[in-house]
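*Asks:* What follows is a single structure, and I will ask about it in a moment.
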Amino acid sequence: RIMRPDDANVAGNVHGGTILKMIEEAGAIISTRHCNSQAGEPCVAALARVERTDFLSPVCIGEVANVSAEITYTSRHSVEVQVNVMSENILTGAKKVTNKATLWYVPLSLKNVNKVVEVPPIQYVRKEQEDEGKKRYEEQKLDRLETKQRNGDMIFPVINPEPHTVGYSQSSLIHLVGPSDCTLLGFVHGGVTMKLMDEVAGIVAARHCKTNIVTASVDAINFHEKIKKGSVITVSGRMTFTSNKSMEIEVFVDADPFVDESRERYRAVSAFFTYVSLSKEGKPLPVPQLLTETEDEKRRFEEGKGRYLQTKAKRQAQLQQAARH
């Protein structure tokens, strides 16, 4: 679809959250279609995880975003979907790939939302494709478990924070989940949640550097639990790490199902977003160094630095491999 002004920031760059929402919609359609392709219990595919997603190139107002999705692996109860986004300048005809994403879905029964139904298997062209898919499945399963275990953190307001500290830029957004946010099962669309997360991360990044900012990448987004219609969700973001030209922001979503008094507030989603600062000409700008004050902030900074260096090493290895071929 064509990108409109309400899809973009003040500089005309389309919000990363808008692209993430489109990616998730494509994945949900293809997964739900596949899971209902054989006779069995009617179901709807729910997003469980988004692997690391890089924003290779900004999309601008007036360009057309083409989203294509393909199922690349199925386990007994989950579906792996690869989604590509291509932007097209309809005035010049120029096209470029802007995003490549991997998403995992689980099919939930329409009759019983707590029941995960079985996924019809797909046919692989080569045996290696199935083996590689199984390896990715096991890796994401392990990572989701590890992420869930470290999800006790909360963000509290800081009185009179100093510029460039964690407390200075941290932000929260409160949203009442309405019918338009939800799937047929009455749970929030993963894409709606990701769009809100990107908004909060963008506010944190803009507060920190006071410039135009764009989403550079999103580390794995883990959907730990479903969020019901009528819940109040709090989307919180805080700066964890800065390099010379990038900012890592931790974002998590807590759900308060106040219509269900038997349930307490719980952590529903968590992820790390990376942003870059841009000049008016779209050139990368230096990022102010994050000032850490507490031991927890220093620990999170070192963890973020580890992720940054790991990603940098992977990217360099990929470039070297591409150069050899």
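Any Cβ shown, glycine's included, is placed from N, Cα and C.
Take a look at what TrEMBL says about it:
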ACT_SITE  ASN9  active site
ACT_SITE  ASP198  active site
COMPBIAS  296-306  compositional bias 'Basic and acidic residues'
COMPBIAS  316-325  compositional bias 'Low complexity'
DOMAIN    1-111  domain 'HotDog ACOT-type'
DOMAIN    167-281  domain 'HotDog ACOT-type'
REGION    296-325  region 'Disordered'
*Asks:* Whole-number answer please: how many Å between the C-alpha atoms of ASP198 (active site) and ASN9 (active site)?
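*Replies:* Counting only the Cα atoms, the answer is 12 Å.
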*Asks:* Grab the same-chain neighbours of the region 'Disordered' (296-325) for me: Cβ-Cβ under 8 Å, and only residues 6 or more beyond its ends, written as numbers and ranges.
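*Replies:* For the region 'Disordered' (296-325), the sequence-distant neighbours (Cβ-Cβ under 8 Å, at least 6 residues beyond its ends) are 52, 166, 217, 219, 240-241, 243, 246, 248, 250, 272, 290.
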*Asks:* Do you know which of the active-site residues ASN9, ASP198 has the most other C-beta atoms within 10 angstroms of its C-beta?
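*Replies:* Counting Cβ neighbours within 10 Å, the top one is ASP198.
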*Asks:* Within the domain 'HotDog ACOT-type' (167-281), how many residues are helix, strand or coil going by DSSP?
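*Replies:* Tallied per class, the domain 'HotDog ACOT-type' (167-281) gives 26 helix, 54 strand, 35 coil.
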